[in-house]
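Everything below concerns the one structure shown next.
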Amino acid sequence: MGNYFNTLSLRDKLTQLSKCRFMDSSEFEDGVNALKGKKIVIVGCGAQGLNQGLNMRDSGLDISYALRAEAIAEKRKSYVNASENGFNVGTYEELIPTADLVLNLTPDKQHTSVVKAVMPLMKKGATLSYSHGFNIVEEGTQVREDLTVIMVAPKCPGTEVREEYKRGFGVPTLIAVHEENDPEGKGWAQAKAYAAATGGDRAGVLASSFIAEVKSDLMGEQTILCGLLQTGSILCFDKMIEKGIDAGYASKLIQYGWETVTEGLKYGGITNMMDRLSNPAKIKAFELSEELKDIMRPLFQKHMDDIMEGRFSSGMMADWANDDKDLLGWRAATAETAFEKTPAGNVEISEQEYYDNGVLMVAMVRAGVELAFEAMTDSGIIDASAYYESLHETPLIANTIARRKLYEMNSVISDTAEYGCYLFDHACKPLLADFMKKIDTDVIGKAYAKDNGKAVDNAKLIAVNKALREHPVEKVGSFLRASMKAMKPIV
Ligand SMILES: NC(=O)C1=CN([C@@H]2O[C@H](COP(=O)(O)OP(=O)(O)OC[C@H]3O[C@@H](n4cnc5c(N)ncnc54)[C@H](OP(=O)(O)O)[C@@H]3O)[C@@H](O)[C@H]2O)C=CC1
Ligand SMILES: CC[C@](O)(C(C)=O)C(=O)O
Ligand SMILES: [Mg+2]
Ligand SMILES: [Mg+2]
């Protein structure tokens, strides 16, 4: 055991990182057939476990849950989740030997011990699946030679995996087969059927590699998806309070603002999100985001480098070995922030007002999406993968903040994402301190430039529009969004 990625030659690393093929819908014509009648046992019934299982059962597959004996005896949440939804639940010993496919949907921290417990019980020729490849790529777990190892990784929180499926759609999904474990050559057929069963095929599936998934997933979650939304929430809220904006209003503007402005992103990328602002506000948001990009670029690059070189994973694993001291301390500190503790006021904010009074939030989203995308593609990750891990998933994470603020986001995402989110947040807040000193309520809390009567500089506006539209994230985004025609609005 050791960092598998770090054992590869540079050439092999680049080959794996660049594995990413957007699959044609015709490749899913066989639907779930490759798994029809197979016994599928999910280990863990948490964020992904429960929601993937519900979708797969609704798609006609045979799903049961193997839980730790203590979880069953103590009727823990996982047991309640599974049994109240009518699933068959049993211990590892009861269910794993019957399984054709075992889905390991426990937290990444537990994968080594779970795989160690489950593997000897698996029948010859069965398949082991992951929804995130950390255990294989960063810990170098080696799996029994007769077992097939696949990955089906939804690019979104478990709650949204279910919500999108219920809307008749799905979420973009990355699938992979571990090249060292495909003894019967059935990995791709099973991964495709699994993605179809969760609804992923309706939103877009990338045929990728364990390595590309891990490195892009870690980068997205640490920076734009969770880290920057947390930093932005705290800084924007504190600024509004400092400047005398009503606390209930400020709380509501942030809590629901990310969801509202990123809904514009979801439908038409950064271009559409920025187009929702007035022309003077758009120019201002552009200038702010350019400044933010310059300040935060080194931090985004540091996260990418630490992920690529294994420093992030070794740091997090040291915290695992230290009983999650950092994770738990950071979690508790987040709960004490003024934003978390201030309930949203009972005040009406129209959809347009979230944009007009949230120019800084729009600027942060643009800066974060573009920086994350640039850092990933600069490192050999393919644009489609980088798009899913930056622009595409931001609205889905924003939905979780709208539900119950940062608490909800950090509960719904994996522990790995939560750890990386805090790591980024703690580095980013001090980095933005000087920038935030110059910020006033004209860009957060009140409408920008409604009454200043200044003429718009047409040449500047044209240059801003060109820069926004020509960013590579917009190019790949318009192609990928065209394959998601069935999307339904949330707000
Ligand atoms: N959260 C998300 O939305 C996403 C997660 N992923 C990936 O999906 C996988 C699952 O993550 P997530 O859904 O967040 O996980 P959760 O934290 O929600 O998983 C909790 C489940 O794991 C079980 N569990 C915890 N510890 C152990 C253990 N030592 N042995 C056996 N079972 C254990 C719990 O059971 P018990 O009741 O016994 O404690 C519970 O059923 C991870 O690989 C993650 O990276 C991928 C995409 C998004
Ligand atoms: C964004 C965080 C995530 O990668 C996810 C929901 O996709 C996770 O690990 O939870
Ligand atoms: Mg993810
Ligand atoms: Mg993740």
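Cβ atoms are placed via backbone N, Cα and C, with glycine included.
Keep in mind it's a predicted model, so treat the numbers as computed, not measured.
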One of GLY2, GLY133, GLY140, GLY158 listed by TrEMBL as binding NADP(+) at the site of CYS45, GLY46, ALA47, GLN48, ARG68, ARG76, SER78, ASP108, LYS109, GLN110: GLY158
Additional site residue, ASP146, ASP182, ASP201, ASP217 [criterion: listed by TrEMBL with GLU389, GLU393 for Mg(2+) 2]: ASP217
Listed binding-site residues with Cβ under 6 Å from ligand 3, out of CYS45, ALA47, ARG68, LYS109, ASP217: ASP217
Local Cβ density at CYS45 (NADP(+) binding site) - other Cβ atoms counted within 10 Å: 28
All-chain count of other Cβ atoms within 10 Å of LYS109 (NADP(+) binding site): 21
Nearest of the recorded positions (LYS109, HIS132, GLY158, GLU393) to ASP217 (Mg(2+) 1 binding site) - Cα to Cα: HIS132
Sequence-ordered binding-site residues from CYS45, ALA47, LYS109, GLY158, ASP217 with Cβ under 6 Å of an atom of ligand 4: ASP217
Most crowded position, judged by CB atoms within 10 A, among ARG68, HIS132 as recorded positions: HIS132
Number of helical, extended and coil residues in the domain 'KARI C-terminal knotted' (354-487), per DSSP: 99 helix, 0 strand, 35 coil
Neighbour count (Cβ, 10 Å) for GLY158 (NADP(+) binding site): 22
